[in-house]
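Written out below as structure tokens is the structure these notes cover.
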């Protein structure tokens, strides 16, 4: 024991000597002027109109800050690798040594700590050389240097750099009206290209993620995958860098250091917990973008969610399973993802699906994060050091029971106060609503009651009878013969490929589905694999529904096809006995519905550009499959529609119309599902190709919409029938 203690003491003395030597060595190691001094020089040059001086100083300030950041990262990463926390797990003292064992363990721990500190001191240099005040750090975070630079570049006729600097500043300060005016001015100048408007401070992981999501939303999964995978790689790099930058000096929060009085272990605890808090908050920092008021929720897990869908859409089920299982690491009880996994198991086989595991990088990330959370919640419970968990996926068992009870009590108090305030506000709102509701309802009904255009079509239910707004049910849109012909088309076309591109989620394993898009049907007709006239009928019927929707809802802007397909769903008989799921759970077509909070977030992966939706039924000889509207809680059913040949349901795609489809429990349900947009930029590319193919294949006479003649456009609004569509009274992810 004496020999071991002597070795430790010798090591500690060597560390102290190395640290003092590092003081001398490092002073010459940092020769760059600090960012705050360079920023001050730049502002002074700006004040006297020295534009080249502004450019020189501000560019150097940005480079200096970047160099400091790189130095911290390099030093902390290298020293952590060279001097890890290592306690000898195999060393266990004998009973005779027990009295001194604890002291030796402490010396071993602090010996490693001192060695790493000496390494950092030698690598970083004097603390004063790389410290910025909180105010100066804020200036750089606000991208203030680019505000000065854009003016200076403009003054010295460096237009391309001026545009980039202005855009970079505006991305970080989207409310800055003067910079918006500058950018508008730059756009009018000759010689300015779209590529000049670039963000010089963009984070690679966020750039790749946003690009991947945009491609996914534009129904280009093949192109989206490499960007989403790159976003993951860049995320983990940025995450480790962010964590390393957290290992700075202790923040005393203003002048609290004057009263700070802690012993050795309390001081270590305070600083270490502050560092852990910072590391956990890297989740929020990396999920933030200046263009958004709030960070992306569940940012890292959402990567695997998008990838799972994208891999599914391109037919790579193995990768889809891996991403689904990785997502389930964070949300093991997610109903939709578990259904997706069951679907993949049915496609790939149970054994093969079991052999695919979640990604190791995500497993390690989750394990480390949970261990840190345990320490942070323990410190919150015992020492009262607050910790706000940035993740929604943290298991409840990580939080100490006493803290759970305390948080539950606080939440209940907050909810009670909120409810009391809400009740008062609701009483006021009710009084106002009662006075305006009747006039608004009359206005909406009058607005949406346009002509149905074609003979034989009858209005069955309007918004009032459907207990909502912007809703309609029509009968007689197509004939029985046309229903049968289109149903046959689906069954024949499916043998040449299901044509089902662009769906946002795998479907229930309790039903088989197959379908065909308009363009695919026409191509198969051109190749002689399906009757060409049937494919042409399909094309004409979709155009007919589009015109009816435009007319009935009295739209001032034309509707464009966003996505359309003819699809049949067949119940698998042997799995219907204990079935509890829907064909499609309740959702909203252009936003992500959170039924618990009654909020629908209009952002990808939702198809945010969709404005109106319609479904045209081809048959009713099956059990189940009823379409239903609900409130935002996804539980309160407001109306239900029973499918039958020629019946169409139309509605606006927003939060006013959450809807779902009940399970098909026997037989086959066939329908044409259509989504429309008012924005021509999101017009379906397949539809444009279909239009061109129809012009090539058919004469102008054959291209007429149908042999039916439109009714007089000046006719009065049709009157709805009064009976319930489902034959009974209405009782209180992305196909219709």
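Placed from the backbone N, Cα and C atoms, the Cβ positions cover glycine too.
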Binding-site annotation, Swiss-Prot, Fe cation: partner of 587, 589 in 536, 659, 682: 659
From 729-732, 733-736, the residue range that Swiss-Prot assigns the feature motif 'Prevents secretion from ER': 733-736
Correct range for coiled coil (source Swiss-Prot, candidates 323-361, 362-400, 401-439): 401-439
Number of other Cβ atoms within 10 Å of the Cβ of residue 316 (N-linked glycosylation site) across all protein chains: 17
Spatial neighbour of residue 587 (Fe cation binding site) that is closest, considering only the glycosylation sites 316, 467, 540 and their CA atoms: 467
Shortest C-alpha distance to residue 316 (N-linked glycosylation site) - which of the recorded positions 467, 540, 589, 659: 589
All-chain count of other Cβ atoms within 10 Å of residue 659 (Fe cation binding site): 26
Winner by Cβ contact number (other Cβ atoms within 10 Å) across the glycosylation sites 467, 540: 540
The repeat 'TPR 3' (205-238) - residue tally per DSSP class, helix then strand then coil: 31 helix, 0 strand, 3 coil
Between residue 659 (Fe cation binding site) and residue 467 (N-linked glycosylation site): CA-CA distance (Å): 13
